[in-house]
Amino acid sequence: MKGIITALITPFHEDGTINETGLRQIVRYNIDVMNVDGLYVGGSTSESFLLDESQKLQLLQIVKEEAGEDGKLIAQIGSLNIEEAIRLGKVAKQLGYDALSAITPYYYKFSFQEIKAYYQRLTKETDYPMIIYSNPAFTGAQFSVDDYRELLELPNVIGVKYTDTDLAKLAKLKQNHPEKVFFSGSDDMVFPFAVSGADGAIGSTYNLIGREAVKLYEVVQNSDLETARHMQSQMNQVIDLMLEVGVYQAIKHVFKQKGIDAGFMKFPFRELTEEEKKTAEKITGFVEA
Ligand code: HMN
């Protein structure tokens, strides 16, 4: 489990139901055109924390059906409700996903011991490879190197999706646990992460700039660091435009311009204004180049 993994966006109909036709198109685009190594399904980018359980299941089913054996599939099943997370994990395993991933339980300020107990139960009951999803800026859960060690030592835990910017900590983690996988979750930092020991990157912007990220990763493997640094700064110009209007909204708008039915956002996310659409359209030239 390595390389560039797209955090998949979910197209919705205006009434908030999943747009299956659009979703299938986006899965194929990522596999066939972006040529990414896999898909991360049900994360923040999929707007999954706004979905009910039946929609989360529908998402997992449609994506697996469309992707088949093309690329690695990771199912993000984390939920504040542990029973729901276990049910989703069992379904993903049965569907043939390659690994599970779960966001650290959030909102309540859980202690590390409580978070560890959550993963202990989840990994025991799902009994399938698990990638811890750490996103301290969104969840408030910050882990020390020792905390990570305790989590990485749990049976079935194979790695971390590290949506953080502390490169020194990442480098230490990889050094201490060379057999585990670490994915960068900050798309504007793929280059520094790759040289610091990350095994790959999982991110939303790869829906549109996956090809560039795959290439950048190859260039780093070939030790052409000057080219890689240049590629990262090119990518970051696009990422900045996405951040200006909203990453998920920008991706959906550019997809629509390409004739892909990327649908609507899930309420309460709003749609782009006409002005913001113009900003997003500056991305189109780059991704068609
Ligand atoms: C997911 O959970 O769907 C993502 O993989 C999250 C991913 O790390 C993205 N972060 C967030 O959405 C908070 C990044 O790809 C992010 O969109 C990108 O670095 C631009 O800031």
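Positions of Cβ are set from backbone N, Cα and C atoms, glycine also.
Predicted automatically and left uncurated, TrEMBL annotations should be read as such.
As written in TrEMBL, here are the features:
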ACT_SITE  Tyr133  active site, proton donor/acceptor
ACT_SITE  Lys161  active site, schiff-base intermediate with substrate
BINDING   Thr45, Ile202  pyruvate binding site
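For Ile202 (pyruvate binding site), the Cβ neighbour count at a 10 Å cut-off comes to 28, with all displayed protein chains included. Within 10 Å of the C-beta atom of Lys161 (active site, schiff-base intermediate with substrate) sit 28 other C-beta atoms, taking all shown protein chains into account. A C-beta separation below 8 Å, combined with a sequence spacing of at least six in one chain, links Thr45 (pyruvate binding site) to Ala7, Leu8, Ile9, Gly203, Ser204, Asn207, Val247, Tyr248. Look at Lys161 (active site, schiff-base intermediate with substrate): DSSP puts it in a strand. If you draw a 10 Å sphere around the CB of Tyr133 (active site, proton donor/acceptor), it holds 26 other CB atoms from the protein chains shown.
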